[in-house]
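A.B. asks: Take a look at this one; I'll ask things after.
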């Protein structure tokens, strides 16, 4: 079991104990890879000669993958033998000599895997290093940058080279990129600047990769747990007062990754997943975490990533009551509109026209997309589940005129609608309240507001 909440934990991250009611430090029966069937799938894992990568390769083999390639700089003979002994029907195993920081080496690896497998279903960017501890002013620039070279440039080069192989797989099949990140992406621990910067940047690379290739290729990041592997110098290198923190096993992350990619789960795209969370419980909360978009992207999901930065301001989990299965089902099946297209967000009349056009086709509104080029006037323009709840008495007639009176509000407020609904005198207070609720976050991509897509 990970350390309890009341114990000191220098690596306690956002949402560690809040996302699921149970947490784990070792694998558990519900995610046993032998219960899954990945027959016919092909997988490539980087940094697989030891530690987490080795465990992931073994977990995939136990799940029945047909082909598995592992990239590493060191020998993979012992891993090949272990895979053969662990499986009744061992997969085709391809050892690949790989330096993730070398573009030519990565390109050669992609060519080799493509020639042997033809396509790819899962890519795991696992290779990484910790680097030396030290204050920034005392650090060696080459050593400091080498950590980013391995932890960020490496996943970039590998993703760049292997995406074409993922795209060759059937659109209906599983196609995943899993980036092995770290809770360190969210922490600020002096003397670990290079490592934590690299992992924070890897989170952004994850969301961007998913934005560019999802939902066809689903990209998400994991925190594997705090395992005392070789990257830490092994268990003996952990100081006595921190040993209670480094308790997760490599098998936990290996089995967790296999469980997550065993089915197509578009809603995982762009997210950060902590492997200590109870994953069956997590996937059961899909309807709580995601809101399907109806008008333009029927199979897409609204961009509310749980990136773990501050769970208390994360719309994916804040203020949500536990729903019954039937309530969750209805929420998941519900379709919502997205207001898109060019308009002058400084003019209330144009905002009202846009809302009316949207609600003509669907009486519910999920999101009003603002113009990112005018942050002072449009700000974040996220509006989730509107109705007259917040302004029930004063603005009921106005909401009804917009056909929005039957929706539900979670508290999200956009600058202009705060002004419209609350009146100019209440605008500042309304915006401040929205910030307190943690809803004015994550500016929307410019292409979503400036794409030129207009409503019918």
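Cβ atoms here come from the backbone N, Cα and C positions, even for glycine.
Taken from Swiss-Prot, the feature NADP(+) binding site covers 45, 99, 126, 160, 195, 199, 229, and the record attributes it to similarity to another entry. Annotated active site, proton donor per Swiss-Prot: 195, in sequence order, evidence recorded as similarity to another entry. Residues annotated as active site, lowers pKa of active site Tyr in Swiss-Prot: 199.
Relative to the rest of the structure, where do these features sit?
C.D. replies: In the three-state DSSP classification, residue 195 (NADP(+) binding site) falls within a helix. In the structure as shown, the Cβ atom of residue 195 (NADP(+) binding site) sits within 10 Å of 25 other Cβ atoms.
Counting every protein chain shown, the Cβ of residue 199 (NADP(+) binding site) has 26 other Cβ atoms within 10 Å.
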A.B. asks: Through the lens of DSSP with three states only, how would you label residue 160 (NADP(+) binding site)?
C.D. replies: helix
A.B. asks: Quick one: what's DSSP say for residue 99 (NADP(+) binding site), helix, strand or coil?
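C.D. replies: Going by the DSSP assignment, residue 99 (NADP(+) binding site) belongs to neither helix nor strand, so it counts as coil.
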A.B. asks: Please give the NADP(+) site's span as the largest CA-CA distance among 45, 99, 126, 160, 195, 199, 229, to the nearest whole angstrom.
C.D. replies: 28
